[in-house]
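S.K.: Per TrEMBL, the features are:
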- A:HIS45: active site, proton donor (ACT_SITE)
- A:38-45, A:156-159, A:VAL185, A:193-196: ATP binding site (BINDING)
- A:GLN69: beta-alanine binding site (BINDING)
- A:GLN69, A:GLN162: (R)-pantoate binding site (BINDING)
Protein chains: 2
Amino acid sequence: MPIIYHDISALQAALQSYRGHQNDSQVGLKRIALVPTMGNLHDGHLELVKIAKQQADIVVVSIFVNPTQFGAGEDFDSYPRTLDEDVEKLATVEADYVFAPSIDEMYPVLPPPTSVLAGAITAQLCGQSRAGHFDGVGIVVSKLFNIVQPDMAVFGQKDYQQLAIIKQLVRDLSYPIEIIGAPIVRAADGLALSSRNQYLNAAERQIAPVLHRELQYMVQKLKSDDQREQDFGSLLAETHQRITEAGFIIDYLEIKTDELEVVANNATASTVEHKNLIVLVAAWLGRARLLDNQLVTVNQSF
Amino acid sequence: MPIIYHDISALQAALQSYRGHQNDSQVGLKRIALVPTMGNLHDGHLELVKIAKQQADIVVVSIFVNPTQFGAGEDFDSYPRTLDEDVEKLATVEADYVFAPSIDEMYPVLPPPTSVLAGAITAQLCGQSRAGHFDGVGIVVSKLFNIVQPDMAVFGQKDYQQLAIIKQLVRDLSYPIEIIGAPIVRAADGLALSSRNQYLNAAERQIAPVLHRELQYMVQKLKSDDQREQDFGSLLAETHQRITEAGFIIDYLEIKTDELEVVANNATASTVEHKNLIVLVAAWLGRARLLDNQLVTVNQSF
């Protein structure tokens, strides 16, 4: 079973023995990986831990439902908290430490006067519909990095914009931490795993995989020879309509470069300059806001 | 002589051997102190290094004229750069490492999209007259903390607001770093040492100690029994006039709590609620902007 710490100082004391240079002993100089989560773990999270275990000697999983990344009216209060079950699951993938701090431990002053802002990259996609969300991500990830001082950290690609923001944070703030993006883990029917999937009722759960199927269909069209001249704007409009007709309320559906730069709506797969693209969607189904995305490389024949 | 590194990775490799747990060897588990500077070192800086040497095993002095903390029209270009002389001086106080990165090494993207903002505490004093200054301090100090990962860092109390901002940063971002504030070092005539003192011509240099003398005089008045009923507003106005008559152009002259909270102008030493106060001044003399401050505890008889 992983060892659980609720206090920053106790976790740091435990990790201290793995750091640094050691010439003549088994102890010391272990690679430490951090897997930040909000708990309520599913197989997607466990995949992050498995990847961390492959790359590092010691894996710390943080479980903290971070209040500063939830907006007013969002699901902070109802977000599922299942620490005991989470720890059981983490034992199966041999996580070494669980860091599960209280809000007071993480935020002696709440909200903290100091902020870590990612700038222009947040003025789009989830940053547009969830005001302040990425500011909360910025500060909590900075805190976790400073508390754990890991050699690497693993984040899921389902939250693609978050991953891009964290890579930028690490570069801009000179964190000596390798950021590993882990592929989306899906249910058998293609739905991207998410703690928020449990907000879906049975009928909605049947509909939910439409999101992934429609993204796949778009990606096929982007890669197919006979449809490479269709402009992205009309492709997006078609897909938007089909997802809406399935019962979703779309927050955004966009084609961007894989670095989240703007791609013109009148571009086509054959004319677009940047070949590495990503299709991203956020959509409400009942009271669940679902995210999905799909990377695609287009126009490789030229 | 200290060892000089210009590259982040080389410095980190050198420091790695001092970190962590070590049972059976002289190497390892050394306490590392960081002394961040912009170079052009004077005895005030050397005092920071001496304090660091007393508290830590290994002292890293960073020398970097940080472009992001200079505003348009400020003295970034003319700020004195004297690396060779600085290293000579650091040898006399046994600094272990000098970290002197290039701008490109520190800022692969300039300005960096990510920002570290200290919030309300910057909306006063130097933050008011130097727009963006403390944003630049926030990011460069965060970067230096992440690069060096020190156990402690030493900053001068001359830049009192900066010190308060850094203490807040460490608390809010959970840096495992002890922040040590070092007393102001003064010339024999009382002028606080500063690299910018060399912008003074001979006549101005004669006038400059007025700043310290007037702060001392204010502090004496605040502590004297027969003047404890004078309100702070009129005390500040008198001092403001005398400093201005000496030839300074005052940027600000204020009484604050030692946590930089507002103190009402109609308070007096006998009525003020918070007893630990600070008098702070910033004033131009010729082309030098000089800072000084003086802590004072008032009304201890009640």
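Each residue, glycine too, has its Cβ placed from N, Cα and C.
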S.K.: How many neighbouring Cβ atoms, not counting its own, are there within 10 Å of the Cβ of A:GLY44 (ATP binding site)?
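M.R.: The answer is 21.
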S.K.: Within a 10 Å radius around the Cβ, which one of these binding-site residues has the most neighbouring Cβ atoms: A:GLN69, A:GLN157, A:GLN162, A:SER195?
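M.R.: Going through A:GLN69, A:GLN157, A:GLN162, A:SER195 one by one, the largest Cβ count within 10 Å is at A:GLN162.
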S.K.: If proximity means a C-beta under 8 angstroms from chain B, which of A:GLY44, A:GLN157, A:SER195 count? These are the binding-site residues.
M.R.: none
S.K.: Just how many other Cβ atoms lie inside 10 Å of the Cβ on A:LEU41 (ATP binding site)?
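M.R.: Cβ-Cβ neighbours of A:LEU41 (ATP binding site) within 10 Å number 26.
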S.K.: Tell me, by DSSP, whether A:GLN162 ((R)-pantoate binding site) is helix, strand or coil?
M.R.: helix
S.K.: Restricting the comparison to the recorded positions A:HIS45, A:GLN69, A:GLN162, which residue's C-alpha is spatially nearest the C-alpha of A:SER195 (ATP binding site)?
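M.R.: Going through A:HIS45, A:GLN69, A:GLN162 one by one, the closest to A:SER195 (ATP binding site) is A:HIS45.
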S.K.: Calculate the distance in Å between the alpha carbons (Cα) of the residue listed as 'beta-alanine binding site' and A:MET38 (ATP binding site), and round it to a whole number.
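M.R.: On Cα coordinates alone, these residues lie 11 Å apart.
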S.K.: I'm trying to understand the geometry here, so how far is the Cα atom of A:GLN162 ((R)-pantoate binding site) from the Cα atom of A:MET38 (ATP binding site), in Å to the nearest whole number?
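M.R.: Taking the Cα atoms only, A:GLN162 ((R)-pantoate binding site) lies 14 Å from A:MET38 (ATP binding site).
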S.K.: State the Cα to Cα distance, in Å, between A:GLN157 (ATP binding site) and A:HIS45 (active site, proton donor), rounded to an integer.
M.R.: 11
S.K.: Do any residues at least six apart in sequence from the residue listed as 'active site, proton donor', in the same chain, have a Cβ closer than 8 Å to its Cβ, and if so which, in order?
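M.R.: Listed in sequence order, they are A:VAL35, A:THR37, A:VAL61, A:LYS89, A:GLY156.
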